[in-house]
Amino acid sequence: MSAIESVMQEHRVFNPPASFAKTAAIPSMEAYQALCDEAAKDYEGFWARHARELLHWHKPFTKVLDESNAPFYKWFEDGEINASYNCLDRNVEKGLGDKTAIVFEADDGTVTRVSYQELLAKVSRFANGMKALGIKKGDRVVIYMPMSVEGVVAMQACARIGATHSVVFGGFSAKSLQERLVDVGAVALITADEQMRGGKALPLKAIADEALTLGGCEAVKNVIVYRRTGGNVAWTEGRDRSMEDVAAGQSDNCPAEPVGAEHPLFVLYTSGSTGKPKGVQHSTGGYLLWALMTMRWTFDIKPDDMFWCTADIGWVTGHTYITYGPLAAGATQIVFEGVPTFPNAGRFWDMIQRHKVSIFYTAPTAIRSLIKAAEADEKIHPKQYDLSSLRLLGTVGEPINPEAWMWYYKNIGRERCPIVDTFWQTETGGHMITPLPGATPLVPGSCTLPLPGIMAAIVDETGQDVPNGNGGILVVKRPWPSMIRTIWGDPERFKKSYYPEELGGKLYLAGDGSIRDKETGYFTIMGRIDDVLNVSGHRMGTMEIESALVSNPIVAEAAVVGRPDDTTGEAICAFVVLKRSRPTAEEAVKIAAELRNWVGKEIGPIAKPKDIRFGDNLPKTRSGKIMRRLLRSLAKGEDITQDTSTLENPAILDQLKQAQ
């Protein structure tokens, strides 16, 4: 049975606990419906009310939504705001200065607590130091850092002075970093000497140095280095400065720079189906509004909660639900440097027990790998830990299969914590379709219903609505405040990718297939409709990986597809033709290992193919088109049912069944 079939046949329903609903921000389906009705009746009024109630505006807005240059929508355009002010100063002014903002746990278990007052001072000193280096409003700053308080400080400091940050995940290669530095036109790079993961020190500064030698980065005048490990690193005088030195001697007071609501807060790169990563540009006002609204609605955040989102700041989840959302909500949160399996696979449960975490938000991939570990070793099974502080669980990054959902619900939530299975994307800025923990009856594997104000629908290839029970393409019918504004430097690609003419140019295309339940109308996400893979919740374009493989001097041709994987959700399977004869036996194993490392260096370790198969050539039609559906069947080990009569060389099918 496919994952989608198992969800569609899922009839178990779990109602919100009455005790949870009693104090929830949205306490019932009636309250949910009332908000949906308000948005349907007066869409602009609905968003304006929340924006005025929830955010501090340096200059109040009078315009709500400008659709005159659709699909380049503008929200609260004449208003002025500062994201850092809303996250830090406002909480200090409310009397929360002594409240813990961040509990940082390092890879080795060392714990550091930072209050809102201390965080504001750190951000202000570093922001003043950046200004002293000539970094100013409108400049772009790339951040290539480990999970750390300093990573959050760097992002908040950029927001404070009106510089646009672009965070690059610390697992990306020098080439990936260089591409992003060039594309966004960065004037500065903030990095660290090394990062700690699973007890090992891994280079960051060395990779950053390499990226800067690959060309096109002449605009980068300052490299600021956070000394995480104190490890020996190369130093370029006049360009390189330590983060400590930049902040040293600076004032604790750095007035927040008011920026227009549409000012780009950040650009975050995500994989596209054409190979070149897309710089997703987000606004300041609309983005921050939805980050805060979803903290209140989806996570039902309360003053005494201990919130923990296990994502990395290099991904959008770490932007919205670490750097901005929790701080805008005045919450206390965990920031974690390490990995879930070090020193053992009980690390997450141990941390929940020690820090009394009440809201836990992680990826299905992490859950699936920890299920395996728990079943293999009784000592680190979650039942050995006191998880009674938990009141809410969440999942993010990819759909969760009903079996993993049930394990999470029983073993971690002890059958008393609702699970918010959140569907959203880098491009949406925040949650789109998700249960509300005090209102929505839960069905394992379904992300249930759109949040109030989100006009999600399922359509066919022409943009027409399809009836419930029929699969189709997931779209959003109206613009919303936290949506992508454009692809950095490429407005045409933005239109083509997200507002295609085939759907009439007016519907936001999520790029996912979806289906709604006939009775409940609940949404289930079925996976990408384009050539984008979702591995451990990280999106990667097949073309990006193919290009990396083909850039190896021994590779003539490569095709990449995804196949289901019990742990990572989807695994990368590469079909490769070498410039010399097809390798077999030990030679094939050796070359496959070399190619994996090559891809790791070109893109980053997360892009390494799980299996590599060698053929004399690839299956193509007589017109020379690679038969990708056939490759998907081979990757999954399925019987070939496709018509192979147009196949140029049917003998290669047996070769391509052999995985290395």
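Glycine too: its Cβ is placed from the backbone N, Cα and C atoms.
Note that this is a predicted model, so its numbers are computed, not measured.
Under DSSP, THR317 (CoA binding site) is assigned to a helix (H, G or I) in the three-state scheme. What Swiss-Prot records for ARG197, GLY198, GLY199, LYS200, THR317, SER536 is CoA binding site.
All protein chains considered, the CB of THR422 (ATP binding site) has 23 other CB atoms within 10 Å. Marked as ATP binding site by Swiss-Prot: GLY397, GLU398, PRO399, ASP421, THR422, PHE423, TRP424, GLN425, THR426, ASP512, ARG528, ARG539.
Of all Cβ atoms in the shown protein chains, 19 besides its own fall within 10 Å of the Cβ of VAL555 (Mg(2+) binding site). As annotated by Swiss-Prot, Mg(2+) binding site applies to VAL550, VAL555, with the evidence given as sequence analysis.
Marked as N6-acetyllysine by Swiss-Prot on the basis of sequence analysis: LYS625.
With respect to their backbone Cα atoms, VAL555 (Mg(2+) binding site) and THR317 (CoA binding site) stand 36 Å from each other. Neighbour density around each Cβ, counted as other Cβ atoms within 10 Å, peaks among the binding-site residues THR317, THR426, SER536 at THR317. Shown in sequence order, ALA311, THR317, ALA363, PRO364, THR365, ASN534, SER536, GLY537, HIS538 are the residues of the chain, 6+ apart in sequence, with a C-beta less than 8 angstroms from the C-beta of GLY397 (ATP binding site). In the shown protein chains, 13 other C-beta atoms lie within 10 A of the C-beta of GLY198 (CoA binding site). Residue environment of LYS200 (CoA binding site) contains 11 other Cβ atoms, counted within 10 Å of its Cβ in all protein chains.
Long-range Cβ contacts of GLY199 (CoA binding site) within its own chain (separation 6+, distance under 8 Å): ASP107, ASP108, PHE342, PRO343. Here the Cα atom of THR422 (ATP binding site) is found 27 Å from that of ARG197 (CoA binding site).
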